[in-house]
Ligand code: F6R
């Protein structure tokens, strides 16, 4: 893993945006794995700025989002499809048919998970997967557990995850209890992974991700086994290279 530390979130957002832009510049039909939540909002703004300056095109790019809530209408402002439209897709020249977010309202969720994996298999591997991290170490919505799923699946969200995401809703009751998420196997197949971690309150989980034992109880710790992971953070953490 490579750790890049930034003094300000603005600098971090710009560097993360630049990395994503460089991938699309070097391969116009790049496949990008996208994340939602609070973390990527600023870096998506930077990408939009660069697009508006005429310095990048996403005409041939394809995107696959990590996850989507189950049972939340896509028109709900907090659905991850709506989030992506509002924060990125509506402001750049990506073709709508090239943007993929799991359908959390599919009548047969298991079939939807299979469809998503098959699409990823046909169009992948993902060139750059963007990730945030939950306070409990989840990536995508792969929650800490005794075992992790390889493929896309329907997950029951942990209460601490629902609590953390309550800030986007009017109350905890409104936060969906389930989501569809890419599995760990799919995430780990990306050629390159960019993990963005913002805020000192995530320093402890980032330290466990970088330096702790590799365990399914901290799903992000599995990233230690991936050959090309770049971590960008404003947290005060160290990356230990030996005991
Ligand atoms: C979002 C996702 C999640 C978030 C994580 C952090 O698509 O997959 O893993 O990245 O929950 O969320 P924020 O950025 O809101 O702290």
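Cβ coordinates are placed from backbone N, Cα and C, and glycine is handled just like the others.
Where the annotation comes from TrEMBL, it is an automatic prediction and has not been curated.
Going by TrEMBL, these are the annotated features:
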| type | residues | note |
| --- | --- | --- |
| ACT_SITE | 67 | active site, proton acceptor |
| ACT_SITE | 136 | active site, for ring-opening step |
| ACT_SITE | 138 | active site, proton acceptor |
| ACT_SITE | 143 | active site, for ring-opening step |
| DOMAIN | 13-227 | domain 'Glucosamine/galactosamine-6-phosphate isomerase' |
Number of Cβ atoms other than its own within 10 Å, given for residue 143 (active site, for ring-opening step): 22
Nonlocal neighbours by CB distance (under 8 Å) for residue 67 (active site, proton acceptor), same chain, sequence gap 6 or more: 36, 80, 102, 140, 141, 179, 180, 181, 182
DSSP-derived structure type at residue 67 (active site, proton acceptor), helix or strand or else coil: strand
Entries of 67, 136, 143 (active-site residues) sitting next to ligand 1, with Cβ under 6 Å as the cut-off: 67
Neighbouring C-beta atoms (10 Å sphere around the C-beta of residue 136 (active site, for ring-opening step)): 16
Count of other CB atoms lying within 10 Å of the CB belonging to residue 138 (active site, proton acceptor): 26
